[in-house]
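Engineer: For reference, TrEMBL lists these features for the protein:
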ACT_SITE  191  active site, proton acceptor
BINDING   199, 202, 229, 232  Zn(2+) binding site
COMPBIAS  352-372  compositional bias 'Basic and acidic residues'
COMPBIAS  395-405  compositional bias 'Basic residues'
DOMAIN    86-333  domain 'Deacetylase sirtuin-type'
REGION    350-405  region 'Disordered'
C-alpha cells in the first residue's frame with residue numbers, strides 16, 4: 001500500500017517528461033523549418049558552406065518546403081485574372097456563336113460574375129467576398145436591392161425569347177434574372193431568391209414575392225423572416241440555400257427544371273461562375289455518360305475553374321463584353337432594362353399594415369416613382385446590409401457563439 005503514492009508520482013513525472021519532450025521536439029522542428037526556409041530564400045551562389053550542409057542534412061524539410069511553395073504558386077496562378085486580347089476574344093466569341101446557332105438544346109449556367117456590373121461583388125475574384133475574408137479584411141455593406149439587371153441578364157433574356165436558350169441555371173440569389181423578364185419556367189435559382197419568402201405550412205407551399213430583400217433576419221439554418229402567412233398564419237421563411245444546407249423547395253430552386261435541361265443539353269455555357277460549387281451538383285454535368293456523349297462545355301471566366309480541362313472553349317473576358325460581342329455575331333439586338341417592364345412589380349404581394357415595420361430594407365421604387373414603403377421619412381433612410389444571404393448568412397464555417405449560462 002505504501003508504494004501506491006510513489007507509483008502515482010512516478011506516472012505523473014513520466015507524463016510530464018513525455019509532454020515536455022514533445023514540446024521540445026516540435027520547437028526543434030520549427031527551428032529547422034525556419035533555418036531551411038531562410039537558406040532556400042537565398043540564391044544558391046550566395047549560400048555559405050554551413051548553409052549548404054544544413055540543406056543536405058535536412059533533405060526531408062527541404063522537400064516539404066519546396067512542395068509547399070509549388071502549392072502556393074499553383075493557387076496564386078488559379079486566383080489570377082487573365083484577359084484575352086481583343087482579336088483573340090472576337091475569334092473565341094465567333095466560335096461560341098457557331099455553337100449557339102448549331103445547338104438544339106442550349107443551356108446557360110450563371111454565377112456571381114454576371115452581376116458584378118450591377119455593383120454586386122463576386123466571391124472568388126480579387127475583390128470577392130471569400131478573397132477579402134481570407135485576407136482578414138471586412139466586407140463593405142451595400143443595399144443590393146438597388147441593383148438592376150445587367151447587359152448580360154438582358155442578353156440571356158433575349159436569347160431565350162429568340163428560342164436559342166432553353167433554360168438558365170443560376171447560383172445567384174439577387175433575383176436579377178427574374179427582374180430581367182426571363183420566364184420563371186425557364187429559370188432555376190438553385191440557391192434561392194432574396195425577394196421571395198414562402199409559407200411551408202400551406203399545401204402547396206405559398207409564395208410571397210416582395211419588393212425588398214427578405215433576408216434581413218435570416219442566416220445559416222435560421223430562415224424565419226419574422227412575417228406570417230396571410231392564409232394560415234404560419235411563419236414565413238426565406239428561400240436561400242446557404243453553404244452546408246440542402247435546398248428542397250420546388251420554387252424558386254426548380255431543381256427538376258435544371259436536371260431535365262442538363263439531360264437534354266447539347267451545349268452548356270457557363271457565365272461568371274467559378275464552378276467550385278456547381279461542379280458538386282453531378283446531375284448538371286451528365287458525367288455518367290461517355291465523354292463524347294456529354295454536352296459541349298463553353299466557359300466565360302477571368303479565373304481558373306475546375307472544369308477548364310473539360311471545356312471545348314475557355315473565354316477569358318468580362319461577361320458583359322463577351323455577351324455584347326456574341327449578340328453582334330448572332331445579329332440580335334440587346335434590349336435595355338426598363339423598370340416599367342420589371343415583372344417583380346406585378347408579382348409582388350404588398351405588406352399588410354401590421355407588417356410595415358417588419359423590415360428596414362429599402363423598397364424597390366415602382367415605375368411611377370412612388371415609394372410605397374412608408375410616408376415616414378425616418379423609415380425611408382437607406383440602411384446598410386447586415387447579415388442575410390450576402391452577409392453573415394454566407395459566413396462559411398462561421399462558429400456559433402456560445403450562450404452564457
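Cβ coordinates come from backbone N, Cα and C, glycine included.
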Engineer: What are the other residues, in sequence order, whose C-beta lies within 8 angstroms of the center of the C-beta atoms of 199, 202, 229, 232 at the Zn(2+) site?
Structural biologist: 200, 201, 206, 230, 231, 233, 234, 236
Engineer: Measuring Cα to Cα, tell me the gap between residue 199 (Zn(2+) binding site) and the residue listed as 'active site, proton acceptor' in whole angstrom.
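Structural biologist: With the alpha carbons as reference points, the distance is 17 Å.
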Engineer: Could you tell me the C-alpha distance between residue 202 (Zn(2+) binding site) and the residue listed as 'active site, proton acceptor' in angstrom, no decimals?
Structural biologist: 22
Engineer: Could you give the number of helix, strand and coil residues in the compositional bias 'Basic and acidic residues' (352-372) as assigned by DSSP?
Structural biologist: 3 helix, 0 strand, 18 coil
Engineer: Work out how many Å separate residue 191 (active site, proton acceptor) and residue 229 (Zn(2+) binding site) at their Cα atoms, rounded off.
Structural biologist: 22
Engineer: Enter the number of other CB atoms within 10 angstroms of the CB of residue 202 (Zn(2+) binding site).
Structural biologist: 13
Engineer: Given the binding-site residues 199, 229, 232, which one has the fewest other C-beta atoms within 10 angstroms of its C-beta?
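Structural biologist: Counting other Cβ atoms within 10 Å of each of the binding-site residues 199, 229, 232, the minimum falls on 232.
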Engineer: Taking the Cβ of residue 191 (active site, proton acceptor) as the centre, count every other Cβ atom within 10 Å, in any protein chain shown.
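Structural biologist: There are 21 of them.
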